[in-house]
Amino acid sequence: MTTLHTLGFPRIGARRELKQAQEAYWAGTLQRSELEHVGRELRARHWAAQAEAGISLLPVGDFAWYDQMLEWNCLLGAVPPRFGQDAGEPVDLDTLFRMARGRAPSGTPAAACEMTKWFDTNYHYIVPELHPSQTYRIARDSLFEQVAEAQAQGHQAKPVIPGPLSWLWLGKGDAYTSAGDSAKLDLLERLVPVYREVLARLADQGVEWVQIDEPILVLDLPDAWQRALLRVYDQLTAGPVKLLLATYFGGLNDNLFTALALPVAGLHLDLVRAPEQLAAVLPRLGDKKILSAGVINGRNIWRTDLDKALALIEPARAQLGERLWLAPSCSLLHVPVDLAHEQKLDAELKGWLSFARQKLDELALLAQALDAPAEAAEALAGQRAAIAARATSPRIHNPAVQAYMAVLDGVSRDRQSPFETRISAQQQALKLPAFPTTTIGSFPQTREIRALRRDLKKGALSEADYDAAIRREIEQCIRYQEEIGIDVLVHGEAERNDMVEYFGELLEGFAFTQNGWVQSYGSRCVKPPVIFGDVSRPQPMTVAWSAYAQSLTDKPVKGMLTGPVTILQWSFVRDDQPRQKTCEQLALALRQEVLDLEDAGIRVIQIDEPALREGLPLRRADWPAYLGWAVDCFRLSTGAVRDDTQTHTHMCYAEFNDIIESIAAMDADVITIETSRSNMELLKAFEDFHYPNDIGPGVYDIHSPNVPEVDWIVGLMQKAAANLPAERLWVNPDCGLKTRGWEETRSALENMVQAARRLRDAG
Ligand code: GLN
Ligand code: ZN
């Protein structure tokens with residue numbers, strides 16, 4: 001019998017029960033005991049679903065109140081001093097929540113821990129805060145309690161824990177300069193004994209296998225870290241539990257020999273992202289180790305081509321027999337819970353999809369195909385038919401798009417003239433003052449605006465009434481900006497639910513789920529659109545709103561679009577063609593929209609690319625290829641406009657250093673970026689590079705309700721002007737204002753305009 005396991009199951013619940021319970025608890029409307037009850041129920045349900053599907057080793061520790069890394073930070077007692085944790089006391093739930101969010105029903109508020117993206121996913125983890133004198137101890141018992149809980153329900157528990165090297169790599173601290181700073185390795189001396197203690201306690205509980213996650217093994221690792229892995233795992237494997245070393249999100253590549261040399265009892269490989277590594281591992285695995293083959297995609301929602309998966313693993317089966325285990329490629333955290341809750345997707349499309357619950361069945365079928373091929377034949381044939389139906393469906397192939405794609409090489413991505421020529425044409429057309437002011441696009445999404453959309457969906461509001469109401473919002477937004485004296489106006493994005501969903505709903509080739517929620521961080525979940533086929537734009541998407549806004553004023557109003565890379569990055573993307581191709585199709589659709597905006601008299605057009613940086617591959621060697629096509633797609637969407645049409649782009653908080661050359665290659669006339677929280681530190685990349693085009697460093701943090709003072713904004717801009725030419729600078733907030741209230745928005749923008757006036761007077 002083939003052993004099946006999962007690296008983790010989504011914890012939020014098919015109806016986001018965890019989110020609701022947590023938020024109610026934070027708001028004080030749910031008791032602690034009720035919250036804990038919801039957690040227990042979800043765990044029991046998820047274990048039962050997995051056991052029923054035939055998974056024999058069940059993950060424990062994949063459940064987390066906010067984030068699995070945060071749980072581990074707490075278990076290790078790595079609680080920053082500002083949370084007032086008593087060194088001898090267990091870390092309680094409210095301390096965990098205070099670390100995540102700054103506040104909890106009990107305990108003194110303190111600055112929350114930093115949160116950042118988990119590898120190349122859209123999940124965010126709470127960053128461990130490291131300090132050279134930090135000590136560790138087992139400070140939270142929930143993992144052990146959950147092991148007992150699973151065992152009491154008759155399951156074989158396989159605890160899932162972050163490995164010490166990955167934990168350190170992902171941590172930050174003032175004493176450390178980078179993820180790979182080897183000074184962090186000094187902490188191992190105190191960390192490893194606690195890991196050993198954890199493993200010993202789990203062994204006492206009767207645990208046989210522990211999954212220890214070292215996803216950093218798919219990154220470029222310095223030698224010191226490779227050596228540390230060897231040293232540490234020698235110490236961790238001395239006890240009675242067996243360790244399954246889990247790697248995912250990529251291939252081991254140059255870390256292969258390190259991974260194979262570790263004295264662990266089993267190794268998990270991501271064979272979806274990196275199937276080729278199997279051939280390299282098999283001859284070197286030895287005659288004792290278990291190999292866990294991650295063959296079902298934990299990062300996407302398509303049904304698996306099981307024939308292909310079988311062909312891949314059959315040589316492994318022949319060599320290893322029952323030493324071959326099967327699993328999803330990574331934790332199923334990154335996919336929605338259950339397709340059965342989708343009532344509105346049509347049957348054809350539904351037949352192509354597989355969510356976490358369905359992936360368990362695929363895994364079981366794969367095992368059956370190995371163990372009892374005759375019995376699996378019928379189900380395999382069904383799966384084969386579904387895969388074939390998708391491949392040949394006319395719904396995914398659009399001849400008009402294909403025809404356009406065929407001549408893509410001949411389409412120019414370049415603007416007509418270089419920046420210097422363009423900017424003077426634009427200055428003549430737009431007549432903007434020095435230090436022009438603008439905003440990033442959205443204005444507060446009030447409860448009233450959201451109610452309009454809800455009523456339209458319910459049918460309680462007619463299309464015409466909705467339209468009229470949005471127009472009123474736009475008019476108010478334009479009047480307000482005129483009144484306070486902003487130079488380049490926006491229409492306010494009142495008609496948009498979300499910057500990707502809005503476009504997806506208007507493009508062909510996209511589908512939307514009802515319950516396809518995926519955890520983004522804490523209680524926040526996102527419902528990514530599904531790009532299933534060729535993307536095209538049946539009709540203009542934003543022109544009517546933008547043209548209406550422009551008709552209200554003589555000042556320029558920015559057309560506002562979401563860029564191709566960002567739409568791609570925040571969707572589930574078809575897997576039957578390279579991502580680059582899908583991105584190009586998006587870019588072509590946006591290119592048409594840009595030209596239509598220009599035809600409609602829109603003189604400034606912004607294409608947001610906040611996700612450009614986060615799309616970077618995990619390995620540096622793969623960066624140039626990605627950046628090449630990502631930049632190309634942006635240029636494809638913007639390149640066709642006249643010299644005197646001004647293009648803008650926007651990016652949120654990011655390390656710009658690594659990609660500054662690519663940002664410059666995008667050749668947007670103006671870029672607005674998030675810089676205020678870093679006190680303009682992030683601008684340094686642009687300064688050092690002598691970034692040639694216009695730039696608007698954000699002057700106030702839209703994530704906070706605090707209103708920036710005029711002096712403070714002037715100070716930030718002077719700092720920017722010290723290292724960049726003043727005539728290239730714009731004054732704008734860090735990002736869109738949709739999450740803010742009107743009151744603080746008004747004060748902040750008025751101060752911003754005042755600051756710009758003062759800068760002009762001073763110059
Ligand atoms: N134009 C968008 C807005 O203003 C940009 C949001 C973003 O960068 N995340 O809301
Ligand atoms: Zn932003």
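The first residue you see is number 1, and the count goes up from there.
Even glycines carry a Cβ here, placed using N, Cα and C.
Caution: TrEMBL annotation is automatic and unverified by curators.
As given in TrEMBL:
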{"type": "ACT_SITE", "residues": "HIS703", "note": "active site, proton donor"}
{"type": "BINDING", "residues": "ARG16, GLU17, LEU18, LYS19, LYS117, ASN122, ARG524, CYS525, TRP570, GLU614", "note": "5-methyltetrahydropteroyltri-L-glutamate binding site"}
{"type": "BINDING", "residues": "ILE440, GLY441, SER442, GLU493, ASP608", "note": "L-methionine binding site"}
{"type": "BINDING", "residues": "ILE440, GLY441, SER442, GLU493, ASP608", "note": "L-homocysteine binding site"}
{"type": "BINDING", "residues": "HIS650, CYS652, GLU674, CYS735", "note": "Zn(2+) binding site"}
{"type": "BINDING", "residues": "HIS650, CYS652, GLU674, CYS735", "note": "Zn(2+) 1 binding site"}
{"type": "DOMAIN", "residues": "5-319", "note": "domain 'Cobalamin-independent methionine synthase MetE N-terminal'"}
{"type": "DOMAIN", "residues": "435-757", "note": "domain 'Cobalamin-independent methionine synthase MetE C-terminal/archaeal'"}
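Comparing CA positions across the binding-site residues GLY441, GLU493, CYS735, the one lying closest to ARG524 (5-methyltetrahydropteroyltri-L-glutamate binding site) turns out to be CYS735.
Proximity to ligand 1 at the level of Cβ atoms, with a cut-off under 6 angstroms, picks out GLY441, CYS735 from the recorded positions ARG16, GLY441, HIS703, CYS735. The 6 Å Cβ screen around ligand 2 retains CYS652 from the recorded positions TRP570, CYS652, HIS703, ordered by sequence position. Same-chain residues that are not part of ILE440, GLY441, SER442, GLU493, ASP608 yet have a Cβ within 8 Å of the Cβ center of the L-methionine site turn out to be THR439, VAL490, MET499, MET560, GLN606, HIS650, CYS735, GLY736, LYS738.
Neighbour counts of Cβ atoms within 10 Å were taken for the recorded positions LYS117, ARG524, HIS650, HIS703; the minimum is at ARG524. The two recorded residues LEU18 (5-methyltetrahydropteroyltri-L-glutamate binding site) and SER442 (L-methionine binding site) have their Cα atoms spaced 30 Å from each other. Across the domain 'Cobalamin-independent methionine synthase MetE C-terminal/archaeal' (435-757), the model assigns an average pLDDT of 96. Only ILE440, GLY441, SER442, of the binding-site residues ARG16, ILE440, GLY441, SER442, GLU493, TRP570, have a C-alpha within 10 angstroms of the C-alpha of CYS735 (Zn(2+) binding site). Residue pair HIS650 (Zn(2+) binding site) / ASP608 (L-methionine binding site) shows a Cα separation of 5 Å. Long-range neighbours of GLU493 (L-methionine binding site) (same chain, six or more residues apart, CB within less than 8 Å of its CB): GLY441, SER442, PHE443, GLN445, MET499, MET560, GLY736, LYS738.
Nearest to GLU674 (Zn(2+) binding site) in space, judged by Cα atoms and limited to the binding-site residues ARG16, LYS117, ILE440, ASP608, is ILE440.
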